[in-house]
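Asks: Pasting a structure below so you can have a look.
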Amino acid sequence: MANLFVEGKYGDKGIILGNEAIARGALEAGVGYASMYPGTPASEIIITLDKNKKYIKNIYTEFSLNEHISLHGAIGASWSGIRSLCAMKNVGLNVASEPAHFLAYTGVKAGLVLAIGSDPGAPSSSNEQDDRWYSLHTYMPILEPSNIQEAKDFTKKAFEISEQFSFGIILMAPSRLCHNAGILHFGDCLDRDLISGNFKRDPENYLNLFNLAVKNHKKYLERNELLKKYANTSELNIIIDAETGSRNHYRGNNHRIGFISSGVIYAHLIEALNFINADNYKILKLGITFPLSEELIKRFLNDLDEVVIVEEAEGFLEFQIKKIAFEIGYRGKIHGKNIFNAYGELTVDDVIKGAANFLKKPPPEYFDTAVKNLEMISDKIPQRMGTFCVGCPHRGSIYSILKASGYSNTDSKDRDVIIAGDIGCYTLGLLPPYNAMDWLTCMNSGLSIGQAISIADKSKKIIALVGDSTFYHSGIPVLMNAVQNNSNILYIILDNSWTAMTGHQKTPSTKIDIDGISNPNAINLKDLLKSLGISYIKTIDPNNVKRFSVLIKEALKEKGLKVIIAKRECILQEERRNKINKIKNVKLNNKPEIIYELQKERCVKCNECFVELACPAIQLKKEDDNKEFYFIDTIACVKCGVCYEVCPNGAIRKVEFNLHSLINSEPQVNLLNNKENKTELKIIT
Amino acid sequence: METNQSILICGIGGQGVVLSGKIISLSAFYENYDVKTSEVHGMSQRGGSVSTHLRYGEKIFTPLISMHSADIILSFDLYETIRYIGYAKKETKIITASEGKYIRGSSSNQIKLPSPKSIIDKIKIDLNLKNLFAIDIEKIALELGNIKVANTILIGVSSQFTYIKEHTWLSILKENVPAKTTDINEKAFLLGRKMLN
């Protein structure tokens, strides 16, 4: 199959990820500008367009340095008459909230869609915030698709609505849609030859000050009223009758009930009502969840005695609908957050239980069996924590920091050295066995909060951590603030050259891309730091753990602001590039191979490698006599050599051999003793 | 409605949970079923638990499987099987690797995990879930000559409990594994498919 994402047209269908469906919707709508700061679960929206850009005419994609810039970029494109798509994760809107709050004042020219990946249950976020609440003051309309097909169709439609009412428009997709896959029926794409920018001055809308701002405020409130009228009749909002579609069923003395829902929760609701064999109900499925049309809600509520609003988080729909119900004098009951949790993901089970409870149907009895089964057996199985990849440079960094501060392998509450964290791959160091971080909130919270603690509690030493992508995102002002105020803090920038967690987007630190092409615009981090007037700057390879921990100890003794750059490329990218190079360059295959081997007869199980360093390639196995021993899984091992360095007993040895020679001739074995009394086996011919 | 099937695939990051989900959903799609899947990303490359919910049939609204209603649980790690056992009902076919990868503890390595045998007994006897098939996939895969086809064996085993035809499975499998490994994957699949006969 050719590249269906790019070449698909009306009549084609395929299985596609939610994020890809959003990207496809934008493509069908003729998007010309697509930008984001990467963030799970939304990343693949722009990744999909970016990786296909060489097949798409007239498209520009950008992984911006942060969401503020990214949304502004989309606004600039829109003002130039280019349809633009900006994507971000839920907390991204906090950063982009400033442009978001001006967008209604200025309006748009070409359609602007802001796709937001929310994350109920927080499987990949530091909070569960529901960004829909922003729209109560940004007045950005919200569309909520409930499945893969709608993800594409609604995105396409969103561009039209955006242009029609001159609002930037939000397309809301939770992780459960972004990372779901399903069947998509493709539509046709707009003619991409027609995409061409032309910025025209529009001072009336773009200049906002004094009475100009007030005038534009009034104007967008009027546009919002027009949009409500649209929402009243739009096919994106639908009323579903559970029986025949006729209203006869609801006549008489029946107690009439209804459900209101949106997005993927609507899909759960349909499944749940089928599951418990519910009948005699109506559903209002809202595709536009802001603004709500009073007329539509009135129409739906009018012939119902009781209504349940099924949604995640704090009840954004319930808040709006209760207000409307009050205004129209609705006498029935409205339920919502009294039935469903305001926290965590709402699963299909939660909806089944909630709906069964409300309908006074017996909850499926086997729920109890299932829960009991699970409890009986699973409480003995500990959580399988995520950890750094094998060979990840962050493992070396976190290990060194813990060794230097003396807190390795403890979750003690009483520490004299504070390890301040924020967002990034390295944040996994907060998990056991490292228990390294003292807090985790938002981007660049490490140094910002740390600066204040260095003033508030002078008895503590503070190490603030940041990854390179996060540093460039919004860390430079924080660092300048630390310089200005001469903060007494050790700042470690963990520079792995990529925004790794979200699938390896480039950062300003990326000097060589995955194909080996160097980036002439790469920023020299050390020069940047120097230019800020920082005098204490050291650079180190984090896999050099002994030197690194000595360096940290020394730095902690110094007063003032100290910066260490722990520089080593993300191992996944390095490996990928090597793989590509190996295919291209046969000569590289001649390089000697290395194997690290854990000799069980020399291992005293001191746990330095298994528990303290905790590399997943070092594993535990039982022998036949039930004795346990450690070994290195040579398939998983990427030969970073850190375990070799940390082993205090010389039990891990490095074996070097040349594959070609091994195949071609009889090898000679040569044992070399190095100065640390570790045996190095070198097979040379 | 009875043609709907719910398959829960679980394991550890890197074991091929996502790829298996892709192969099953493409096979269902190929036979004109409606199909929906849901994955939990994020920890996929970092050793955490990974699972995919997959449902196919005439018309599917949500990909999420509710408790006690999976038709097939396909697990690449015995300890992970336990985590998802709440999705099993009496009829559920639980197809699982007979071994589990060691789970590291929080601050010491001294976690005593139940033995594979005791887990299997517990599921079969205490929980009365008789349709459990524990297969030493690593051993079989090594015998076949490539440890990486371990999950293909399990897909093969589960395939006979689905409505999807053998030739569909094989053609989708071939399209989605590395070109060099198509033969061994096909062998592994067929071996699994016939294993319980």
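Note that Cβ sites are derived from N, Cα and C of the backbone, with glycine treated the same way.
Note that TrEMBL annotation is computational and uncurated.
Just so it is clear, the model here is predicted, and its values are computed rather than measured.
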Asks: If TrEMBL gives A:Cys603, A:Cys606, A:Cys609 as binding [4Fe-4S] cluster 1, which of A:Cys570, A:Cys637, A:Cys640, A:Cys647 does it give for that site as well?
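Replies: Candidate listed by TrEMBL for the same site: A:Cys647.
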Asks: So of all those binding-site residues, A:Cys615, A:Cys637, A:Cys640, A:Cys643, which one's Cα sits nearest to A:Cys606 ([4Fe-4S] cluster 1 binding site)?
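Replies: Closest recorded candidate to A:Cys606 ([4Fe-4S] cluster 1 binding site) by Cα: A:Cys643.
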Asks: So which one is it: of the binding-site residues A:Cys606, A:Cys647, which has the fewest other Cβ atoms within 10 Å?
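Replies: Selected from the binding-site residues A:Cys606, A:Cys647 on minimum Cβ neighbours within 10 Å: A:Cys606.
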Asks: Same chain, outside the domain '4Fe-4S ferredoxin-type' (A:628-657) by at least 6, Cβ under 8 Å from its Cβ: which residues?
Replies: 390-391, 395-396, 399, 543-546, 571, 575, 592-600, 602-606, 608-610, 612-613, 615-622, 667, 676-683
Asks: Look up A:Cys643 ([4Fe-4S] cluster 2 binding site) in the DSSP assignment and report helix, strand or coil.
Replies: helix
Asks: For A:Cys643 ([4Fe-4S] cluster 2 binding site), list the number of other Cβ atoms lying within 10 Å of its Cβ atom.
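Replies: Excluding its own Cβ, A:Cys643 ([4Fe-4S] cluster 2 binding site) sees 23 Cβ atoms within 10 Å.
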Asks: Restricting to the binding-site residues A:Cys603, A:Cys609, A:Cys647, which ones have a CA within 10 Å of the CA of A:Cys640 ([4Fe-4S] cluster 2 binding site)?
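Replies: None, since no candidate lies within 10 Å.
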Asks: Just jot down the residues in the same chain as A:Cys609 ([4Fe-4S] cluster 1 binding site), at least 6 apart in sequence, with C-beta under 8 A of its C-beta; none if empty.
Replies: A:Leu598, A:Cys615, A:Ile618, A:Tyr630, A:Cys643, A:Val646, A:Cys647, A:Ile652
Asks: What number of additional C-beta atoms lies within 10 angstroms of the C-beta atom of A:Cys640 ([4Fe-4S] cluster 2 binding site)?
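Replies: For A:Cys640 ([4Fe-4S] cluster 2 binding site), the 10 Å Cβ neighbour count is 21.
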